[in-house]
Amino acid sequence: MSKSSLSKSQSCQNEEMPLCDQPLVHLEQVRQVQPEVMSLDQAQQMAEFFSALADPSRLRLMSALARQELCVCDLAAAMKVSESAVSHQLRILRSQRLVKYRRVGRNVYYSLADNHVMNLYREVADHLQESD
């Protein structure tokens with residue numbers, strides 16, 4: 001496999017990370033940062049949250065919902081997938097409180113859960129648009 005055919009994440013895994021020439025623990029910095037390191041439970045919860053985002057289908061749903069509130073039928077049509085596929089992905093996003101819904105008569109409309117989610121989505125999208 002040529003280097004050019006590797007994805008960005010694969011090529012990063014093959015690069016050697018720079019390390020200190022001589023290991024030296026800076027105790028004062030360690031003492032300052034140690035209380036701020038999240039607990040294993042918090043890290044697990046955050047990993048599950050990011051795992052919900054680590055799927056192209058769910059990110060495509062979020063990109064549509066970042067534009068406007070939509071029902072499952074409209075999301076399925078926009079993404080050219082089945083309603084059951086959209087429902088399945090929305091269930092995962094809801095489990096992490098990334099999307100919410102409201103019922104109007106027989107219709108159910110989905111939107112991003114709040115400004116935190118909208119800001120997270122926009123910040124990542126903006127970050128990916130930046131050039132190095």
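Backbone N, Cα and C atoms are what each Cβ position is placed from, and that goes for glycine too.
Counting Cβ atoms from all protein chains shown, C71 (Zn(2+) binding site) has 17 others lying within 10 Å of its own Cβ. DSSP assigns C71 (Zn(2+) binding site) to a strand. Marked as Zn(2+) binding site by Swiss-Prot: C20, H26, C71, C73, D114, H116, H127, E130.
Per Swiss-Prot, domain 'HTH arsR-type' is recorded for 38-132.
Here the DNA-binding region (72-91) has Cβ contacts under 8 Å with residues 55, 57-58, 60-61, 64-65, 99, 101, 108, 110 of the same chain, all six or more residues outside its ends. For 72-91, the entry in Swiss-Prot reads DNA-binding region.
Classification of H116 (Zn(2+) binding site) by DSSP places it within a helix. Secondary structure of the domain 'HTH arsR-type' (38-132) per DSSP, as helix, strand and coil residue counts: 60 helix, 14 strand, 21 coil.
The number of other CB atoms found within 10 A of the CB of H116 (Zn(2+) binding site), across every protein chain shown, is 11.
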